[in-house]
């Protein structure tokens with residue numbers, strides 16, 4: 001089949017756009033990440049004098065870096081529509097966040113849709129596969145205090161011990177609020193067949209759009225972070241404000257990410273922008289931590305129920321293009337927005353910082369040599 005001139009022009013334009021976006025992303029990383037590291041090196045005396053202020057500043061810089069990643073997708077037309085509970089109401093509370101996992105773009109989507117949820121982004125701790133430690137963003141996550149978990153039966157017990165130690169060392173001392181994990185333990189396409197075989201063997205529901213979650217990390221997190229406190233219900237109003245004053249883990253947030261036609265966005269697409277503008281749909285459901293059982297067997301059942309519900313949510317979405325309403329509510333979608341001027345300001349600050357550090361380091365180099 002012959003390629004028309006219009007088709008050739010369209011392919012050429014897409015290739016050129018992807019090339020320019022890739023060049024911008026590389027330049028962005030070359031100035032933003034070293035600047036983040038250098039700012040924190042300079043601020044090390046403050047870490048000794050006022051640790052809380054140091055980690056506050058680090059959190060602001062961390063949020064800006066995540067906003068830069070979000071901007072790559074935002075400017076490519078990869079936007080988000082939100083459904084379900086309003087998580088802004090509990091953005092100042094401590095919470096565990098459970099997310100289904102389909103592709104590398106899931107993390108980018110979260111970086112985007114949580115940008116407008118107050119200061120929670122700067123106070124988040126991420127649990128991610130250890131391979132991300134060796135990416136360009138690995139040094140940032142290491143400094144921020146995220147946890148890299150190694151998958152596989154051979155490492156499972158050791159990793160859970162390391163996770164518990166990591167939480168004790170970093171979570172409270174750095175004033176973390178939300179901890180994000182993907183309980184499925186891998187991408188849907190890689191785990192689906194194994195999960196379905198396990199479900200068949202153990203007389204569990206057949207799941208197509210998610211996999212059965214693993215218990216270990218969730219159990220360690222609950223064991224480590226649960227404190228004695230009273231819990232309310234995520235209904236808003238005065239009761240919600242009162243809950244904000246309490247300390248300790250208070251909520252479990254169940255996030256379901258859905259892509260049109262079940263075609264997830266990967267990190268390459270997010271960076272290069274060769275896919276047509278796409279709306280990703282994100283559904284939130286909030287549970288008081290008092291409703292989450294601590295005993296392993298009961299917790300396993302509770303987690304399985306959450307992912308069975310995710311299966312129903314996604315099945316409904318793929319049939320209708322919308323998530324069904326929560327019980328007692330009307331299904332309402334909210335278009336998530338980012339401020340382009342703010343994004344341009346952050347990007348400009350990154351390049352200005354890069355130029356400043358280049359001049360400073362060059363000056364000291366000439367002074368020494």
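The backbone N, Cα and C atoms fix where each Cβ goes, glycine too.
A quick note: this is a predicted structure, and the numbers were derived from the prediction, not measured.
Taken verbatim from TrEMBL:
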- 20-41: transmembrane segment (TRANSMEM)
- 53-75: transmembrane segment (TRANSMEM)
- 95-219: domain 'Phospholipid/glycerol acyltransferase' (DOMAIN)
- 341-365: transmembrane segment (TRANSMEM)
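Sequence-distant contacts of the transmembrane segment (20-41) (same chain, at least 6 residues past either end, Cβ-Cβ under 8 Å): 57-58, 61-62, 65, 68, 72, 76, 136-137, 139-140, 143, 271-273, 347, 350-351, 353-355, 357. When Cβ-Cβ distances below 8 Å are used as the criterion, the transmembrane segment (53-75) is approached by residues 21, 25, 28, 32-33, 36, 39-40, 43, 46-47, 105, 108-109, 111-112, 115, 119, 121-123, 137, 140, 143-144, 174-175, 265, 270-271, 273, 338, 340, 342-343, 346-347, 349-350 of the same chain, each at least six residues removed from its ends. Helix, strand and coil residue tallies for the domain 'Phospholipid/glycerol acyltransferase' (95-219), in that order: 62 helix, 18 strand, 45 coil [DSSP].
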